[in-house]
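Here the structure is laid out as structure tokens; the discussion comes afterwards.
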């Protein structure tokens, strides 16, 4: 009788066949709802930032006239002239689309616990992947902007921003916006990892050494 009483107290009044006793997800649900809301807002923010960086780069164009004696040479600077900047634009477009789709999927999901394990793992890996990809692409664009601004004497590359100042300024603005997007995506990667951890964590009360203990 004494053991039954102790077992009953340990399980909040449950006395019955030893085994697994389900407990409420109320506490976890509240936290998951907050993370779900934060995830939606941050994904929409990341999408907006990536689109802003993309549009800023795509609309960046400047023409300069070089006069040599009686000859005038016209040169136009735009993102399509540099492979790194083209990859920058394409990558931001893909990540913006991914962020929008993930936000919409999260909105239509009925609850955090109804989300499949496979989707949580997929989201976790994709969120990590796009952060690394965007860091690499933005780093390459930053290097291009730096060389255009400072030149590279070792390979006799002259400065270009003296002639295309507005173009360089707009490239810099696009890169800065993209770095803010990276910070947002890093936060999302941490958030998706936490959501996966909570979903995978046992949320049942199990018997151990004759007593019922919670795994939460």
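Count begins at 1; order follows the chain as displayed.
Note that Cβ sites are derived from N, Cα and C of the backbone, with glycine treated the same way.
A quick note: this is a predicted structure, and the numbers were derived from the prediction, not measured.
Copied over from Swiss-Prot:
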type: TOPO_DOM; residues: 1-37; note: topological domain 'Cytoplasmic'
type: REGION; residues: 1-30; note: region 'Disordered'
type: TRANSMEM; residues: 38-58; note: transmembrane segment
type: TOPO_DOM; residues: 59-86; note: topological domain 'Extracellular'
type: TRANSMEM; residues: 87-107; note: transmembrane segment
type: TOPO_DOM; residues: 108-128; note: topological domain 'Cytoplasmic'
type: TRANSMEM; residues: 129-148; note: transmembrane segment
type: TOPO_DOM; residues: 149-170; note: topological domain 'Extracellular'
type: TRANSMEM; residues: 171-191; note: transmembrane segment
type: TOPO_DOM; residues: 192-216; note: topological domain 'Cytoplasmic'
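Residues of the same chain lying 6 or more positions beyond the ends of the transmembrane segment (38-58) and with a Cβ under 8 Å from any Cβ of it are 79, 85, 88-89, 92-93, 95-96, 99-100, 102-103, 106-107, 170-171, 173-175, 177-178, 180-181, 184-185, 187-188, 191-192, 195.
Packing against the transmembrane segment (129-148) from elsewhere in the chain are residues 82, 84-85, 87-88, 91-92, 95, 98, 157, 159-161, 164, 168, 171-172, 174-175, 178-179, 181-182, 185-186, 189: each is 6 or more residues past its ends and has a CB under 8 Å from a CB in it. If one looks beyond the topological domain 'Extracellular' (59-86) by at least 6 residues along the same chain, the residues whose Cβ comes under 8 Å of a Cβ in the stretch are 137, 140-141, 143-144, 160, 163-164, 166-167, 170-171, 174.
In the predicted model, the topological domain 'Cytoplasmic' (192-216) shows an average pLDDT of 57. The DSSP breakdown of the topological domain 'Extracellular' (59-86), given as helix, strand and coil counts, is 7 helix, 16 strand, 5 coil.
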